[in-house]
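Let me begin by presenting the structure, written as structure tokens, before commenting on it.
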């Protein structure tokens, strides 16, 4: 009875682990396919495992499972009771119709209820296979490998994040494999263990695996050494870039349609371009000027909507340009075939790396987007360079700005707001700029408002406005959670609400440094760096970029001239450059950079002492290899030395006998399957021309089966144990 209870409890532990792992299978399937009723599917898995656990007769088990599947199909897809005539008719008609479709190989027309039935039957078969692996093969290695491959594939090729699922699966899988290995050893040795002895074996295994996992989590880790091949495969297949779906979660990246903003997105590491330049900067692509309450569209303000210019020709646009002596170059290498030119602030001209014959550039005068053309046809460039001189704005000019003589054309175009904009948005904007005199100070007040009023940067928990909601109103007063589109759009609307011309800009943030060569740095810009920000018109100064999004740094340059005192200058510098207050949520890239400081120190130490590390590593590997090859000689000696001073008694005799069997197996004396201990003992004594193994086996069987150790001479048994180990290892 005790043995039966022990077996059931042991098997129940395995099945609980299997249930958790199968749940990790279901989560991405439910998420990626939009399948519901996960709790009912989990109940079917639990039911199947329970029926296997208690070894219910297979006929009864089949009836129960078929009944549940039938109830599931009828209840979920028809709403009828399974016992009603309508429910039975629905079930029979679904089966007959879909079986006919399968016979005709018309897979596409198979209905959802029948697909669900096939899915549940597949789970049924998988659980039967797992039951066989655990109870007969005593190994779930193949199941564990399949699970890791499944989760890893989905993590790589879809938006599903399987990081924690992989950790959980590996941890539980290693524990299960270790338990089953111990079970095989116990069965092969013929030993019977009580609860206490069993726990003495499994608890150290759990602690060791748990400690190893915790250590692995907290150890410093280097960045990936190989580039992710998946974005390149997607790009080659024409599936990279921004995959803006019609429903659910979108993928981050540069998109053309900005008319419906909102909703969460997932990361995309696809490399868009690399830029070689002296400084990190924003890369402007185009602007939007009409806000619709849902998003942005481009106006047709200019009827003759494009300007043509040749390579190296000075470009005329609306942005200020710095002095001639400040002219610099940036080399751009496009790795994803977007059809635009990325523009640094202060853009002067665009040049080509190769022959420029036949190439021209068209700038859309309404959005200021620049596209390359070859022989008057769009032709995305792979390599080009841009000349620019970044403007420097005098603080005195900014402080003296006002709206008294604003150009009516600017007001007409860049003060547009929808008629149904809620009044509280305007009221909020007015209250934020109250007390500020200059146009620049008002813009700065609105820019800083988002960093001081409990707003949070997030890409997951982002709401989508309903039909009767305004996108900005929802963000400012209801959610206060969003990403760059939320922050930048809200700032533009607030600026326009107080009479300051403003427009919405989109492009790319600066990216990450991947190489340095003197003053020149190479920046890698991915779809994750797709970004939007604000440009406001300051009279007598021009268009200036502003960055309201929490965690992003502005790149405008301000010259605090001699009219400002030293104290004021320091304070202004801090206010102008600091874009991440202490109590705001940081951009995830900044967080990752800070968290990698420890990793960088570790890697720098390796680089500095690489030869010492290499020699030490070779010595360690060589020592480990030597120990492994010579394990049959030193492990028995360690056993003898460790147990020599220990007293052999009832509590330790069984373990030492099993150790002896293991050492004999290491030396090539393996007990055959089905061979009795007495037969094996005679074989050993015959080989070594002794009777010590027979004596120990008689005492072991007397102790195990008769529970009588009164006549066992443990001192003599210890001498026999040491003698046999020494003979085996000599």
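The backbone N, Cα and C atoms fix where each Cβ goes, glycine too.
Feature annotations, courtesy of TrEMBL:
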type: TRANSMEM; residues: 6-26; note: transmembrane segment
type: TRANSMEM; residues: 38-56; note: transmembrane segment
type: TRANSMEM; residues: 62-83; note: transmembrane segment
type: TRANSMEM; residues: 114-133; note: transmembrane segment
type: TRANSMEM; residues: 140-158; note: transmembrane segment
type: TRANSMEM; residues: 164-186; note: transmembrane segment
type: TRANSMEM; residues: 198-219; note: transmembrane segment
type: DOMAIN; residues: 476-550; note: domain 'Transglutaminase-like'
type: TRANSMEM; residues: 611-629; note: transmembrane segment
Within the domain 'Transglutaminase-like' (476-550), what mean pLDDT does the predicted structure show? 93
Residue list, the transmembrane segment (164-186) vs rest of chain: Cβ under 8 Å, 6 or more residues beyond ends. 10, 13-14, 17, 20-21, 24, 27-28, 134, 138-141, 144, 147-148, 151-152, 155, 193, 201-202, 205-206, 209-210, 213, 217
Within this structure, do the transmembrane segment (62-83) and the transmembrane segment (140-158) have 3 or more Cβ pairs under 8 angstroms, counting pairs 6 or more apart in sequence? no
What is the number of residues in the domain 'Transglutaminase-like' (476-550) that are helix, strand and coil, as DSSP sees it? 21 helix, 36 strand, 18 coil
